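The structure appears right after this line, and notes come after that.
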Amino acid sequence: MEIDFFRGLTIILMVISNFVTDLKYFLGYSEYLLFWSFFALFVASSFVFISGVSFNVSFSKKTASQDLTYKSYFNRFLKLSVIAIAITAVTTYFLTSGTIYFGIMHFLAISGLLGIIFYRFKKLNLFFSVIFLLLGVLFSEIVLDTYWLLPFGILPTNFYTLDYFPIFPWFGVYLLGMSFSEKYYKNGVSRHSFEIFKSRFFNKICILGQNTLFIYIIHQPVLVGLLILKYGIFSKIAL
């Protein structure tokens, strides 16, 4: 229950963060940029962390109940990959700059497969998370004029994108979530019970948390559509 709540809360914050990004990209909004930069980093980190927790809880439950089938995880990988490719295609076609080559959907698709591999390491994932984070810092200093290394955090010269979640360092944050789950959830069940998460208000947030993928898919078209209705077609939209 609490995972759904925090997942719902982070998707709300992500919508807010992405709306500010839209304002900056299309309308040149430039107020409180330092705050919004830290806000975006906090939201992204929270979302990826909770995704790691959620994956580990789900995988643990299925393992404990002997109901584990890898087919469902592969199907999810395919679904997220299709969405990711669609996002790349749409941003390439409709935007004059900022194409999303390896955003959050690309990252989550790959992380779902990597999570299966790293699940066996249990609490050791805390160590591996540090490795991924440190390599992310190292790779960010490397500049190579190829797009093929984008998933690993190695950028070409003057690269610009609206959404970027490379495996290094972001899978380190995902592993932190998995490691946290190992400590506070036994066989996918919380070691603690919080009555507050059973209230009506929290239940509504939980509903959002159970539908984060749908919300993520529709929120940008809705936000951009509202801005177009208010301000007209933007120069950065290629039509």
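For all residues, glycine too, the Cβ spot is worked out from N, Cα and C.
Please treat TrEMBL annotations as automatic predictions, because they have not gone through curation.
As recorded in TrEMBL, the features of this protein are as follows:
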DOMAIN    2-221  domain 'Heparan-alpha-glucosaminide N-acetyltransferase catalytic'
TRANSMEM  5-27  transmembrane segment
TRANSMEM  33-57  transmembrane segment
TRANSMEM  77-94  transmembrane segment
TRANSMEM  100-119  transmembrane segment
TRANSMEM  126-150  transmembrane segment
TRANSMEM  162-180  transmembrane segment
TRANSMEM  201-219  transmembrane segment
Practice prompt. Give me the stretch from 5-27, 33-57, 126-150, 162-180, 201-219 with the greatest number of Cβ pairs under 8 Å to the transmembrane segment (100-119).
Written response: 162-180
Practice prompt. May I ask you to check whether the transmembrane segment (33-57) and the transmembrane segment (77-94) make contact, with contact taken as at least three Cβ pairs under 8 Å and only pairs 6 or more apart in sequence counted?
Written response: no
Worksheet entry | Contact between the transmembrane segment (5-27) and the transmembrane segment (126-150) (at least 3 Cβ pairs under 8 Å, separation 6+) | no
Discussion item. What residues elsewhere in the chain lie close to the transmembrane segment (162-180), defined as a C-beta under 8 angstroms and at least 6 residues from its ends?
Written reply: 21, 25, 44-45, 48-56, 87, 91, 95, 98-104, 106-107, 110-111, 114-115, 118-119, 123, 125-126, 128-137, 139, 150-153
Discussion item. Suppose you look only at the domain 'Heparan-alpha-glucosaminide N-acetyltransferase catalytic' (2-221); what would the mean pLDDT be?
Written reply: 93
